[in-house]
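Working notes, structure below.
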Amino acid sequence: MEILRGSPALSAFRITKLLSRCQDAHLLVSDIYAEYVHFADVSAPLSADEHARLQRLLQYGPSLPEHPPAGRLLLVTPRPGTISPWSSKATDIAHNCGLSQILRLERGLAFSIQGPDLNESQWKQLAALLHDRMMEAVFTDLQQAEQLFSHHQPAPVQRVDILGQGRSALEQANIKLGLALAQDEIDYLLTAFTGLGRNPTDIELYMFAQANSEHCRHKIFNADWVIDGVVQPKTLFKMIKNTFEHTPDYVLSAYKDNAAVMEGSQVGRFYATAEKGIYDYHQEEAHILMKVETHNHPTAISPWPGAATGSGGEIRDEGATGRGAKPKAGLVGFSVSNLRIPGFEQPWEENFGKPDRIVTALDIMTEGPLGGAAFNNEFGRPALLGYFRTYEERVNSHNGIELRGYHKPIMLAGGLGNIRADHVQKGEITVGAKLVVLGGPSMNIGLGGGAASSMASGQSDADLDFASVQRDNPEMERRCQEVIDRCWQLGEYNPILFIHDVGAGGLSNAMPELVNDGGRGGRFELRDILNDEPGMSPLEVWCNESQERYVLAVAPAQMALFDEICRRERAPYAVIGEATEEKHLLLNDRHFGNQPIDMPLDVLLGKTPKMLRDVTRLQAKGDALQRADISLAEAVKRIMHLPAVAEKTFLITIGDRTVTGMVTRDQMVGPWQIPVADCAVTSASLDSYYGEAMSLGERAPVALLDFAASARLAVGEALTNIAATQIGELKRIKLSANWMSAAGHPGEDAGLYDAVRAVGEELCPALEITIPVGKDSMSMKTRWQEGHEQREMTSPLSLVITAFARIEDVRRTVTPQLRTDKGDNALLLIDLGAGHNALGATALTQVYRQLGDKPADVRNVQQLAGFFNAMQRLVADQHLLAYHDRSDGGLLVTLAEMAFAGHCGVTVDIQSLGNDALAALFNEELGAVIQVRAEQRADVEKLLADHGLANCVHYLGRAVAGDTFDIRSGTDVVYSEKRSTLRLWWAETSWQMQRLRDNPDCADQEHQAKQDESDPGLNVKLTFDPAEDIAAPFILKQARPKVAVLREQGVNSHVEMAAAFHRAGFDAVDVHMSDLLAGRTDLQSFQTLVACGGFSYGDVLGAGEGWAKSILFNDRVRDEFEAFFHRPTTLALGVCNGCQMMSNLRELIPGAEHWPRFVRNLSDSFEARFSLVEVASSPSLFMQDMVGSRMPIAVSHGEGQVEVRDAAHLAALEQSHLVALRFVNNHGVVTEQYPANPNGSANGITAVTSVSGRATVMMPHPERVFRTVSNSWHPEEWGEDSPWMRMFRNARKQLG
């Protein structure tokens, strides 16, 4: 084992936070220093040259002190027996740099602890603060890291002696293996294997448990029901399917695949042809697929990987739909118990304790969103939608006083994608078809996830909780998706016959499902499975839940094509078996010469005993709201701090929202980028205005008073959130229903039945809306011992509805931004509660630790439909200036958020809403506030009346310029406050979370910036005409120069980059680094090179540095790049990851010696912003005629801060006039202040060019916003092309 020092690992503020935590724990630690240390497992000793190469490869990040400070060593590494995602990616880079004798690289974190001697107990306490026990181990000596590379002989299969010991043997195995088998399932297995005349193996039992777990089989949703002694006519699933039977319109696939599919639009899908690799538009149907999953149990145990693999698993579901599909846009949501932010505890928050083995709600919301965002970011899918609810309270329920909340959290992951018409249905698996595992190797992780997630938290053994934690590698999943993309792009020649993702239960669930769904059996070889841990037993190899894997059936004649695609994308795969005629599973193990699995498929997936739920209805009545202690002014401040209401910027700016170039509506609204969007919208392609929209609805606390009302409200809220997009008819909307319940808890089962019936049998059929997809999680309860007391925390019945729809014109989407620049205006409330104004289970009751009695509900189904149809007319006719639905916090919050987005005031009169101001302002009945022009008010009110809404419409008042927020009732002042004050209250929860998680100085700067009342918002100043197409004369000559659109594994922004160059008149050619390294392509034939954005190698050795070193350490490829850069007629552009990569190639680029490096953002966080930049005077040929222009641009990076050697280096860079772009604030001043400057770069620098101007590198993404519709905000006068299109046309002009 070789040991090499790495870079300093923690920023100063992270060290300060660690020291603070030590102080809180009464540990006398005076200082902490941390640096990375690398361990290399080698097959043979490295030569001096190889060692020097490895050392250079592992030099990234800040420079090291010559010697680490003195102190006691605590070394934190991945848990022995596991392989970290960092290791997988770093080892790949080493191999691509010619270091083939490196078997594996791994990285640890070496802490040097200074201070008085601590006793052994205190050291253990300190070690616990420094590592995640679920994923990491602590050593006190560097040599102990040898354990990371320990190799074991394979363990043999075990047999369970039922023939000798009968039922007791199965019962013991059930406990030992954590199978979570029910008693009737044990009987079933005993009968089955006795009938086969043999003892089952442990792997067969484990496989059965996973395949038949509640998580995988959804037994409760398929159960028979008796309620209050009455047999119910339908299962839960049949009631959901009733929506499809009633309204099958536009649904192409439901209930039978990894995601549902509905009709989309005929558009030009942009991708490279297989023959020449040239990008072009392909006119075809882009149907819409939709899926929403939950990943609750893993997120409770270890939030980052739990949320990351939750998003990753859902993305795989989309990609594995039909015969292969394309994930496009994602969503993430969380329900947790109260945060109790240190120093910011709220009056409604009480600490009820928790089990040791799960983390706190604060930990979940600190780490979980980062994990979900990181996976989406690195994969290259924009996360555009979400929700965040907290609930934890002592409630007087139908069971008396009990604790209700989300100690077991909800972690929601979902999204939409596109699929070709001819790939919607899976193909036929022919006998002899090759059975393939695509993706990473098996590792001993995630064992038992299906069974573990089916238990209430606290029931399973702690070791099984450790075993069920998973690890994420989104860059690997991206490679696999690139393979799937190449396959579906082949159309009728697609080599994929059948595909499923590998999720819960690993291959033990995926492979039987694949062959069974294809009407076949399978014969497999265990030792052909890619395996990074050869010491695993057959059970561990077959059943582990290593992520980023798919199982496929491929025709033998197409294996050569499939192999070629995988090799180019560097996506590992293994052929592990063949499809058989007989529906039988046979798993051979050539190492031991036996068959760990030899069983008929119908034993595994046959008719296991059907569940019967015999339950009783119980529903709390609640208590009338006690108003004596409620002051309206105090209520407003409390509600503005409640996470469900409060600003969620800390959850949004960590997620890339612009990748693909097809995002037309993200969360951030208007020139002031306020996170209040009602829904997410994407364009269907890069050449059309058709699109897709998705929205969320959930009102879980209402279930504590009325199960069915809570479910109806979730559907209603999803509809009111999506209503301001141009959809057309209501039946175009399709829903995903995700049900979370504590099955078995008194009253909850019958409540679940009533809620499903309310939606599936009544509301959705009445609205003609289909629920073609969904998921359930039936173990939403946590048990633990608190002192001598047994405690339980039970979640409310929680239905999360996601609405999906095809959009006619993405430009018609209306946002909550109030307008004061359109003349006199009117604000109208459309109250679908029809004056009921119920306050039960609202934000108001929650912040006063009450529940209330009567909740909101869908009062009139016809009016809800009429409301949607009326909004569609108003949207199509462009009569709406602004729109925002009423939800958590009620009307007051709706108006406030609209005012925040418009940076303006409102004056309203609520007299028409009744005499109860509290109820009028804080009820959460369905509805919306719309802003219209004053002269159109009468017409709008008539249209609403024509749709049956006459009794729901109330004129409130108007939006006004300034900082007022005034609510009156007649002549009485009900509430008056500055809008800017409300804005800061609303922001405080996000600010406090950001301070805890990120650099607190940056968080403070952002909060301070929100107090600038003179902030003009994003604005534009152009020194050229963006409508002028300066490339048109050259395009007319029909000469299309070739641009090499260069990507490395993990790059994800190449398609939109190619589209921008294509529009400017280039032939954009797809060039993978593997093409250059293999000599299939060379740069000699290109005049232009663009290195694209993303996460090459997952950024593990510094952003873009691994990519650069794979060029620098390969002599032939290095010479090729150097020759290209030295040719006097070439152009080169590097964007984001490509910028970082090219900055590390500066020794090859003439005139680039002053270029900086790009390092970790000052905030120490990934930053996704829509930032204002100014084009500086520079030689850049890409920026010609743009100098002095100021305009917003997409920013998405974690390492974008300019790093120079010293002040002299910075001065030389400036004096050379090589700075091409700078961040400016909304006042147009160059800035280093966060977040206007999102990475902290000196002098606002964010793009530099070479002396000749032929090579330019920039961190922002012009290719994602070259279309006007792809800008989060833009001036209304812009046409199809945004001003950023000029960059690409400048390039075309330069080539003549």
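For all residues, glycine too, the Cβ spot is worked out from N, Cα and C.
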Among Asp501, Asp885, Asp888, Asp909 - the residue Swiss-Prot places in the same Mg(2+) site as Asp678, Glu717, Asn721: Asp885
Largest separation between Cα atoms (Å) of residues that the record links to ATP, namely Gly306, Ala307, Ala308, Thr309, Gly310, Ser311, Gly312, Gly313, Glu314, Ile315, Arg316, Asp317, Ala677, Ser887: 32
If I restrict to non-local contacts, at least six residues apart, and a C-beta distance under 8 angstroms, what lies near Ala308 (ATP binding site) in its own chain? Gly371, Gly372, Ala374, Phe375, Asp472, Pro474
Secondary structure composition of the region 'Disordered' (1000-1019) [DSSP: H/G/I, E/B, coil]: 10 helix, 0 strand, 10 coil
Same chain only, please: residues at least 6 beyond the ends of the region 'Disordered' (304-323) with a C-beta under 8 Å from a C-beta of the stretch. Say none if there are none. 134-135, 253, 257-259, 261, 289, 291-295, 297-298, 330, 332, 367-372, 374-376, 379, 381, 411, 413-417, 419, 423-427, 446, 469-472, 474, 477, 480-481, 484, 487-488, 494, 496-503, 547-548, 550
With DSSP, how much of the region 'Disordered' (304-323) is helix, how much strand and how much coil, in residues? 16 helix, 0 strand, 4 coil
Confidence summary for the domain 'Glutamine amidotransferase type-1' (1043-1296), mean pLDDT rounded: 97
If you draw a 10 Å sphere around the Cβ of Glu1263 (active site), how many other Cβ atoms fall inside it, taking every protein chain shown into account? 30
Given a 10 Å Cβ-Cβ cut-off, pick out the one of the recorded positions Arg316, His1261 that has the most other Cβ atoms nearby. Arg316
Glu1263 (active site) and Gly310 (ATP binding site), distance between Cα atoms, whole Å: 29
Under 8 Å by Cβ from Gly312 (ATP binding site), counting only residues of that chain that are 6 or more apart: Phe375, Phe379, Asp472, Pro474, Glu477, Gln547, Glu548
